[in-house]
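Take a look at the structure set out below.
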Amino acid sequence: MKAPIKVAVTGAAGQIGYSLLPRIASGSVFGPDQPVELRLIEIPNALKPLEGVVMELNDCSFPLLSNIVATADLDEGFSGANWALLVGSVPRKAGMERKDLLGINGKIFISQGAAIAKNAASDVRVVVVGNPCNTNCLIAMNNGRDVPSDRWFAMTRLDENRAKSQLATKAGVHSTAVSNVAIWGNHSSTLYPDFENAKINGKPVTSVITDTQWLENDFIKSVQLRGAAIIEARGLSSAKSAAHGVVDTVRSIIEPTAAGDFHSVALCSDGSYGIEAGLITSFPVRSNGSKLEIVQGLPLSDFSKGKIEATVNELKQEREMVKELIPA
Ligand code: NAI
């Protein structure tokens, strides 16, 4: 039997946590022969509901779940963690400006970034889900600089999955026929789902879906605004699909990418495609099973370049709003 890997999850008593934890404990993320220890982190006020989550996880008797630690102490929670999935954050409330939200959540990610650098395992990898996830990740990474910058990620995989589903429905095919969907930029209403490089059954999307009007307008908007549409319909934000996005994100980092395909995740830009180095930006990525690389050389039309510039500019504005939270 392999030694358990330690997976820290913040916001573990929240909606996404409720859908995500059984997926991790049952082997959907790290595989059917990999035991896991869950280190569940919450704010003190949510420790009581977290107790209920722990009771339910125990009641599942998952064969791969070796231990559960539930805590509000960051040092304890991130101790020895091989993965840190940062889901917890404060939701935007009525009357709150984006700057206020960035400030409130930004402070959370200062202490989490520092606690990860101080306590986690030397191979720790971090996926930020809590919004605004790109900028939260930027703050955590810069306050946890002992962890190399190529270990920090923010989730845009849900946006990739949403884009695949929209393209598949329009083309009348199953979503598995859709590949090479790059999400560029910020996980926000400015994100750019790149249909020009995407494929359906190996053919360019633009040769299968010839309705350019739809691709350039309705499709992009439907992906950008899908989160709001879910809230409108469900009265709650996406949780099951977000949890599935986390599962897919981790798996596409640790498993080799299918030949010729790529996935999307936000990571620390190295200057690829002219995007300022150091910004946490969503790119098309490929994994060889241990190392992730940004896919180079994708052709970008002026239309795509304009969309990417707009979403990257938003990331720069967010960084400006939280500049006092980022050490020089
Ligand atoms: P939720 O409100 O149900 O749960 C959030 C949990 O985080 C709560 O239990 C809360 O107590 C906890 N929390 C707050 N501050 C914390 C801190 N400092 N340390 C640890 N835990 C803390 O929210 P839900 O639905 O689970 O969503 C979580 C986050 O994920 C939100 O920010 C949401 O916007 C974001 N999200 C991101 C997506 C993405 O694609 N990147 C998709 C969907 C949601």
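First residue shown is number 1, and so on along the chain.
In case you wondered, yes, glycine gets a Cβ from its N, Cα and C as well.
Just so you know, TrEMBL annotations never went through curation; they're auto-generated.
Site annotation (TrEMBL, ligand substrate) includes ARG98, ASN131, ARG162; from ARG92, ARG151, the additional listed residue is ARG92. Highlighted here are the recorded positions (ALA13, ARG92, GLY130, HIS187) whose C-beta falls below 6 Å from ligand 1: ALA13, GLY130, HIS187, in sequence order. Of the candidate binding-site residues, ALA13, GLN15, GLN112, GLY130, the one lying closest to ARG98 (substrate binding site) when CA atoms are compared is GLY130. Around GLN15 (NAD(+) binding site), the C-beta neighbours below 8 angstroms that are at least 6 residues distant in the chain are LEU236, SER237, ALA239.
The maximal spread of the NAD(+) binding site, taken as the longest Cα to Cα distance among GLY11, ALA12, ALA13, GLY14, GLN15, ILE16, GLY17, ASN105, GLN112, VAL129, GLY130, ASN131, is 20 Å. Residue counts for the domain 'Lactate/malate dehydrogenase N-terminal' (5-145) under DSSP (helix as H, G, I; strand as E, B; rest coil) come to 64 helix, 27 strand, 50 coil.
Between the C-alpha atoms of HIS187 (active site, proton acceptor) and ASN131 (substrate binding site), the distance comes to 8 Å.
Fewest Cβ neighbours within 10 Å among the binding-site residues GLY11, ALA13, ARG92, ASN131: that distinction goes to ARG92.
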